[in-house]
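J.: Not my notes, these are from TrEMBL:
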TRANSMEM  12-29  transmembrane segment
TRANSMEM  41-59  transmembrane segment
TRANSMEM  79-99  transmembrane segment
TRANSMEM  126-147  transmembrane segment
TRANSMEM  167-193  transmembrane segment
TRANSMEM  262-283  transmembrane segment
TRANSMEM  289-309  transmembrane segment
TRANSMEM  373-392  transmembrane segment
Amino acid sequence: MVDLVKTILLVAYWYGLAVGVSNFEVDWLTGEANATRRTTIYAAVHNASLITLLILLSLGNNSLKSEFITARYLHEYFFLLMTAVRISAVLLSLITRWYQRCRFIRLWNQILALVRDRPQVVRGRWYRRSIILKFVLCVLSDSLHTISDVSAQRKRITADLIVKLSLLATLTTIFNMIVCQYYMAMVQVIGLYKILLQDLRCLVSQAQCTCSIRNRRGGVYSIQCCSLADQLDLIAERHYTLKDRLDEMAELFQIQSLSMSLVYFFSTMGSIYFSVCSILYSSTGFGSTYWGLLLIVLSTATFYMDNWLSVSIGFHIRDQQDELVRVLADRSLFNRELDNRLEAAFEDFQLQLASNRHEFYVMGLFKMERGRLIAMLSSVITHTMVLVQWEIQNDGS
């Protein structure tokens with residue numbers, strides 16, 4: 001029977017190689033990553049060709065600069081700005097992957113070693129559901145976005161326009177593949193956190209049973225407490241290692257995270273703005289039919305769901321850490337104290353969790369948290385309303 005999740009991972013891996021995102025190769029028999037000559041040459045040629053094509057298009061008659069000069073409407077200026085932001089984000093992310101390639105390979109192999117020690121991660125229901133959902137939303141979002149672009153420009157299709165649309169679709173695919181790789185790495189880390197949390201719950205339950213032993217002078221109580229203390233020390237060590245890998249991942253994906261924030265901010269505004277402009281301007285021929293409106297709705301909905309899935313994955317890490325603190329806090333409900341060594345192990349782990357909390361900052365500019373995300377959504381809605389109001393006023397005049 002074909003394993004759907006494994007097939008999705010294989011497709012994502014080979015697709016990442018095909019579009020030049022991955023500049024290292026993975027041996028699927030062992031899972032280890034290495035920098036091979038053929039992968040390096042192909043990725044270098046692909047990225048160099050992409051940059052060369054962008055330079056040639058920028059020097060042509062229909063470049064972004066010439067379109068900016070000849071633009072007459074506000075939505076034209078905004079879409080040009082959104083295109084420039086997306087191009088800059090992709091180029092910065094690709095450059096980062098080259099000069100930090102050794103660190104990416106080392107991080108891949110380190111996370112692989114952690115997953116090998118806990119193979120139940122890849123068999124978990126949450127892990128499999130997350131991978132399948134991301135794949136479906138990513139494919140739908142990419143496909144509907146490309147169809148929307150082609151449909152909006154179908155009345156003035158030229159050879160130059162086809163090249164531009166193909167290039168923009170390639171850039172969008174590259175950016176989405178970078179986000180997908182980050183998402184899949186985070187899913188594995190969260191899976192390791194869930195197993196860590198299960199082991200901790202089991203240990204706390206055993207400690208509570210041990211606490212009810214009345215005869216504490218016998219060897220059974222001391223042996224059980226020493227065994228639980230050793231297990232708790234191992235859990236604390238696993239958490240420290242996992243937190244160290246998470247911090248390195250956050251550092252490696254700093255530029256990608258900034259690019260994600262900018263692209264999602266402008267793309268969210270652009271999708272709403274594009275929907276309004278498609279309805280206002282009959283010259284596009286896009287919003288004048290029910291099929292066109294349905295395509296707009298489906299494209300916008302899948303785009304939002306895919307973005308939310310990519311952004312909210314980071315919040316699950318903080319939720320898992322908060323759950324670890326809550327499980328450890330159940331120790332205060334025990335009716336009696338435990339052995340001194342086991343008590344010290346609990347206190348040390350609590351101190352480690354309190355002093356080593358995961359805080360993710362984007363290039364040191366702002367901290368990613370749910371409150372910040374709501375503020376960004378509020379800013380998107382406010383700026384989009386201003387743009388729509390400006391468009392309606394100028395259209396009416």
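Cβ coordinates come from backbone N, Cα and C, glycine included.
Locate each feature and note its surroundings.
T.: Tertiary neighbourhood of the transmembrane segment (79-99): same-chain residues 20-21, 23, 47, 51, 54, 64, 67-68, 71, 168, 171-172, 174-175, 178, 255-256, 259-260, 262-263, 266-267, 269-270, 274, selected by CB-CB distance under 8 Å and a gap of 6+ residues from either end.
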J.: Give residue numbers and ranges for long-range contacts of the transmembrane segment (126-147): same chain, 6 or more residues beyond its ends, CB-CB under 8 A.
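T.: Same-chain contacts beyond the ends: 4-5, 8-9, 11-12, 165, 169, 172-173, 176, 180, 183-184, 187-188, 190-191, 194, 295, 298-299, 302-303, 305-306, 309-310, 313.
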